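Below is one structure, written out as structure tokens; the observations come after it.
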Amino acid sequence: ITKMHFQWDWLCLGVLIISSVTAGMENEENLDADVEVENFDKQSQEADVDREKSSIEVVYQTPKPTGEVYFTETFDAGLSGWVLSVTLKEDMDDNVAKYDGRWEVEELKENAVPGDKGLVLKSVAKYHAISAMLTKAFVFDDKPLIVQYEVNFQKGIDCGGAYIKLLSSGNDLNLEYFFDKTPYTIMFGPDKCGEDYKLHFIFRHKNPKTGEYDEKHAERPDVDLKKFYLDKKTHLYTLVLKPDDTFEILIDQTVVSKGSLLENMIPPVNPSKEIEDPTDKKPDDWDERPKIPDPNAVKPDDWDEDEPAKIEDPDAVKPEGWLDDEPQYVPDPNARKPKDWDEEMDGEWEAPQIPNPKCETAPGCGEWVRPMKNNPKYKGKWRAPMIDNPNYQGIWSPRKIPNPDYFEDLHPFKMTSVSAIGLELWSMTSDIYFDNFIICSEKEVADRWAADSWGLKKLVASANEPGMFSQLVTAAEEHPWLWVLYILTLALPVGLSVLFCWPGKKSDEYIDFKKTDVSKQIAKGELKEETEEFEDDELEEEKENEDTGEDERREMEETKRELIKDTKKMGREAPVSDIYDDEEENEVPDEEENEVADGSQEGDRSNKSDSEDEKKEADEGMGDRPLKSVRKRRVRKD
């Protein structure tokens, strides 16, 4: 039991330590989460943020590229270099087809960095188109293409896009007439309508045989994109195209999708070598049925297809008290015709129907009808059992022939060069924020650019985020069932702590066991004192008996002599001690009388010798023998 309690104590201590360490770790994680800023450059310094402050002051400077770039835009200087489209969409009514959506340059509505401005889509349910020329055209040869920009759905998003287009180089490129049919090389960015959350990466591939362009769509990312559209935070979108025909798509500098231009595009860049022959037709006698009805099966003679599935129960009996003449519903006697009721317009007024009150106490009202039951003779329509088709030929498919349009493009990275960037969008939600565009060939340049721009936005947003407790309360307000989870989470460790750490009531067996252990531990001095007291009592009793029992001894001697004589006469011979013992058994066990009876010299010597032997044994075993055994000897002597 002691070992068990020792284990429980250690278990209790372990639970408390784990709880305290976990609480400390959560506290540290919460503090770190509030001041965490991603380190885009290993040489940048770590930022310390005071958690108790509701905002943070940052010094904003317009970011500048640190390497070769093809295009950068911060919008801090307005819309310089950007061109609004003045054309119309094709195949639409002129009033709807106009690109009259409004653009503005302004700061973020929440978590704004003072002095940092961006391009904002302001109109709802209108077409927007704006574009700008690159500093220099990008040619797909031996350098990667990196496209990066920021998006913030400040009001969330119902239906609309925030993607960009890299417009193809050409002599006929005119930004004032930029619209949905303008040739582009790459389209990249988020798009959402309804519950369909997309992240586009589309490139237009030129067929080397026909010269026509086909759109190739990257496979959908495997991650959940919903939070990026609804959290009203600024997110960083990055596309990396490499000369080895691979690509990566990143959100907030985390890869969400990657693959090969040759293998992970829909439809594939290269067509299949063989195609189905369009002129091939399935033969008329081709049998694709794996099972057929058994032609040799015969319907049994007793199979009656006319039997109904249900019949009236002939054993049913109408319940007593059934009210055949009472309808189930009657007009409401308390109903009154409305005062504004016009019989010419509304027709004849009738009181509304209510359940017949007489039917409430009766088993039923109206005409009684026998209930229906399953027909035991019903078998349904007979059908022959199915068997394997001996003429089964499998599923027919057209034969394969060589694809006349087959080609093999081993390097789809070599796309049409791009000379401009454009946004051609339609949205049902306003205030979509764009900022800090960059097109370059070095990932380090894009990361440095992000650290000087998006990194500051993230720093401010992190400092302004509510604490963990506020976030939990907000989540519970949106999803009330979370309160149950919170209560269980708090009650579980408390309950375990009470169960394992609260001192329990000791059982009776445990208490008796401990008492026995204590009684066995007795000092040698205590045992000696008990023995001395016992000897003193014996001496006092002997002195008292010597004075008062002299006369009684004489009477006892005479009685013994008479008994001896009587015994000899009866032909028996018994020792005096036996007769004395028998006499002691017949006498009342009074302490004084026993002492007198033992007053003879032989009895005295016997008692004294016994007492000396007992004292000697007690002295020899005084250190180890328990007090309990001494008490037993004392009682036996008494």
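Note: Cβ is positioned from N, Cα and C throughout, glycine not excepted.
The shown structure was predicted, so the numbers you read here are calculated from the model rather than taken from an experiment.
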Cys193: disulphide-bonded cysteine as recorded in TrEMBL, out of Cys159, Cys359: Cys159
Intrachain neighbours beyond the compositional bias 'Basic and acidic residues' (308-318), with Cβ under 8 angstroms and 6 or more residues off its ends: 368, 370-375, 378, 380
Residues that sit under 8 angstroms from Cys193 (disulfide bond) by C-beta distance, when 6+ apart in the chain: Asp158, Cys159, Gly160
Structural state census, the compositional bias 'Basic and acidic residues' (273-292) (DSSP three-state): 0 helix, 5 strand, 15 coil
